[in-house]
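The domain 'Glycoside hydrolase family 65 N-terminal' feature in TrEMBL is assigned to B:13-208. Under the heading domain 'Glycoside hydrolase family 65 central catalytic', TrEMBL lists B:291-650. Here TrEMBL flags B:324, B:325, B:563, B:564 as substrate binding site. Here TrEMBL flags B:455 as active site, proton donor. What TrEMBL records for B:660-718 is domain 'Glycoside hydrolase family 65 C-terminal'.
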């Protein structure tokens, strides 16, 4: 590991805008995240995001109807842990700050920042801030401040606190991607000289969260006098407890700053061991790739009770909700870098099955489960069903992810305890939701009035992605019933899955209709998409993107225009099923009508471009994807990172450049390294083996670093790697 | 005119439920309406509805997007003018009332009611209430109370007032048909001994409404002592001024009670003269038909600034909004019974053109005008666009109504001043909204992502009704340009309508695509309707209707199920264009998948059934339609009358039984009297002629009562009626 590649500092950025940087430099550990809020800003009432810590509020509709989601769920705004209040001897406050240096060391998880602070008299001092978050010590955060004289040389008074319930202003917004509900919490706190502990409680969900602030040096939290004669350091420890219904023993043991720091360092050492990645020729893209991975590890819930929200723990956009992103982008990433996280993300879904069964019935399907499109607690929280509940495909996405995780790990215990039920209940939903229709004498199973991944097209029939995924979902029942049988499991009986049902579902698999347009020789996004007029791109000024902020949904929906990969997303998932010439046509066709207004799009286009060996398009899509947040190219990184795309950029490398795909019994690779790179190397896990894949312009090498071995297919040849045969290289002929 | 037929009293009703009766016995005059609220109910803060007197309030969306309607518009609740406060000598209040008799005399517009009142000591008195509303004296309402002893025989004290801003409670509802916003008004009043005058003002729209309450006998409004020794009568006059931006001279002249009463009597005499109707064999259906007509006359705005709201002035359902009902149901009715009202209803639309041009542009169409789906002030107030703004067909409905009005009146001045611009701006919208598509080598003009009249199917492509109506709308440009040319008008130049545009629009007319299903031999409701599974009617319990209150829109939309006539509505409007065998198939097909959950449906099915000579279906649909409110068969007459259906029941007779349709140069009739009736007679206006049409089981007779004559076609023969030849009878052979 080259140290420099793992260090992100201000040099990286053209745009050093504070609101964007607070997101980018956020630290987290799956349980909570701390945005890199300017520490000299007492009035800020946000900046700490606790995974799954949310409140509810009634959704008001202009016009309400049966079965609408009834409550908003919104991640609670907890004030920043980073703020500090500093006064000079004469009482003037150092309330201006200028950031001079900022370095995130991704190899250790330690963030170091240097500020020059100024008071109203124009006097300055220097402040260095070091912060880090515990990883296995998941309830802990440490922050250290060092002060040195500037033009001001006398003593200063520092106060460290955490103030709740500052004036909360609701921001009106037309942008559905922002947080919509700001909540108040009740706080019961105990202030001591060198510590402050409290329990905050949400108003409606009644969830308690214990918080502790403690001086590391047993100094006064308020008005502590620091001499600037020599550089002076003070440290604080924050405890962010587990979310509880009743508070009990919030903090049994309080680690010291060194312990937290050491924990962070050791976590990242182990993590990178399994997932190191390097791209020659482009330090910038290399760093960006590592950054995206760093943030993914930070973002995902690890306890089976929480998941990976659309913005991770770096912001409150999308209200802290979990979407399908977790399964379709997050799970493949974690399955190959930290399978325990992937497992727990799926267990979170398992824990939502009851709510989802109820939801299926509310949507008129009396068997199976329908997962909420966006949620924290498992209940539907989408207040706009055409781009919410109508995205039924989330069910198949979850089943797909279960299957992916299993293929990557062969975790039979997981299938037994959680996976089979997830697959079966989602398959049952599809069976009840779809209907047979006879078209030109052909009896086919169809799905009506659905919205696919492309949110610029809503409420259509037979969305290709949805149908393809539902078909796969249905097919998984027999596959896993067979596996369970082989494992002598009783699970199918417990789930009341009979042979008749298996046969019936398996017949349905064959009958699911996939819309194909003969004229164009491509899969049709849905029954009507290709009949609509193409969006007038030539009349659309640049500033009118993303379209969703500048056009009425009715205007967007009536045109052939896609926000993101839809048909091509399915093509990516079912690699190799579609002939290359058709894939070429599909890429060319859909690319022309896709705005990529969704951050989930570019990486998928990049992967398909890679498979088509379109080297420039692959490279450009990858660049767009990997730099999306670091360059704030979507303009809303302020609200939080685009977490799905973080994983997308990794997939661009692994599934794109290296053409990795997961088969039932082996790991498959196809060589597609763009000509812009001379060498690329990454590590990944597969069936408990640690692999390293190296790509050069004329070869691909797979090495077994740890583990007992596995099968792999490169291009069309299958190899076996094991303790005897630890490395295989295939020379590429272009 | 038989007097009895024109009297509606309590005997008519099985269900005398007070909330329904208040709607049914409401009095109105197009300017304001007075619900028949129980007079002994001081705490009521509603009951008076002033046409177009509304306030606005921000629409809150669960998730907002560009171009959404921003403000609710809601008719203001004004307290009932009917309430009175009565005390016995010892101060106990007569606060219980039992309705004993109630008669609405539709020949005069006078409502008479008898109550027995009871105080808390169980003592009773009798009260008779007579009320009436001015018609040409449109700002006036009169009410008289007579008192007589019951078990209580002493003097009573009466107080008559009007109290604003009682505690207003917002009622939460999932039913989109109810009023959603309750508003407060400011009131500046002047109390004198025998009168109270005030101006109320809305909070957001800043609209002033002067109101006057005056004792007819110059007696004290408060605590006036009435002796019960002899029957004692007291009268009050209410003035409901015009809606003003600034109040000036609210009431120049105050009529007395007799003048108001006489005005009502003379209005109804003249009105029935032009529209009398009688059905032999069924006094009940005869009375119901007259009642529906009576309420239509009462409901429609007559000033060009207001229109005909979905509930008329009988209730606040649908917030007092104007919909397409006015044009598609109301205009044909008024065009043949009171053309001046039809004219003013269309002028109201003309006055909304500016807002509608702006709306078109918001919806991405840079030419023409798009009328608001529901509105009072011309701005879109629908908070659910899939069943609101997406019903673009309202544009064509308005153009159709302009054409209908012209065909019924040949009012060239109207076309010059208002009609041509309405037709052109709506046609321009369609041209900009639609797009050419090539299907199987055929270039066709299509309309995408629209909702037709059937609100159980939303956001579909090529809704037959919409396309058919848009096609007609487009065709009207050339028609009226030619008429204006013939009239030597400069209007087309003023509207910048060039010959090129006329030719272009006329070519588009030919290219508009109409979806037809070859297998079934019927017009398809839209591109996808017939491919969806049929709603599981056999699994739907009776109490689950209307579906909209019991199923998520997504569930409803994914099935083949219609709320109301959609394709068949177009078939009704374009009578004779579709071969009878196809019409048979369409009727049979669509009837099976239509719930008639919309009150607009039954009458249209009845008319088509009549044309198909299905006598029982015609009769049953007519019965359902004509009695809908009187029998409260939709269960929500409490919220107001179903005004479109009131007109629908008239159309059932005129366009159904008598098969009347309007051609460019003559009035056409087809004989379809159901066998359940032996004789039926009605009057109507056509080109300034007053006609009487009589149907018996073996003949149809058209008589010219007044006027210089006209051409008529009965079955396939054209006749001319004039001063020489005043009557034509055709014997029917079945």
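From the backbone N, Cα and C atoms, a Cβ is placed for every residue, glycine too.
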Rounded to the nearest angstrom, how far is the Cα of residue B:455 (active site, proton donor) from the Cα of residue B:324 (substrate binding site)?
13
Beyond B:324, B:325, B:563, B:564, what residues of that chain have CB atoms within 8 A of the centre of the substrate site's CB atoms?
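Residues close to the substrate site, other than B:324, B:325, B:563, B:564: B:323, B:328, B:453, B:455, B:598, B:600, B:601, B:644.
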Return the residues near residue B:325 (substrate binding site) by Cβ distance under 8 Å, restricted to its own chain and a separation of at least 6 in sequence.
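In sequence order, B:308, B:310, B:600, B:643, B:644, B:647 meet the Cβ cut-off.
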Which state, by DSSP, holds residue B:324 (substrate binding site): helix, strand or coil?
coil
Fill in the CA-CA distance, residue B:564 (substrate binding site) to the residue listed as 'active site, proton donor', as an integer in Å.
8
Round to the nearest Å and give the CA-to-CA distance linking residue B:455 (active site, proton donor) with residue B:563 (substrate binding site).
6
Substrate site residues B:324, B:325, B:563, B:564: biggest Cα-Cα distance, Å?
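Binding-site diameter by Cα atoms for substrate: 16 Å.
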Calculate the per-residue pLDDT averaged over the domain 'Glycoside hydrolase family 65 N-terminal' (B:13-208) and state the result as an integer.
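Mean pLDDT across the domain 'Glycoside hydrolase family 65 N-terminal' (B:13-208) comes out at 91.
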If I restrict to non-local contacts, at least six residues apart, and a C-beta distance under 8 angstroms, what lies near residue B:563 (substrate binding site) in its own chain?
B:454, B:455, B:456, B:546, B:547, B:548, B:594, B:595, B:596, B:597, B:598, B:601
For the residue listed as 'active site, proton donor', list the number of other Cβ atoms lying within 10 Å of its Cβ atom.
25
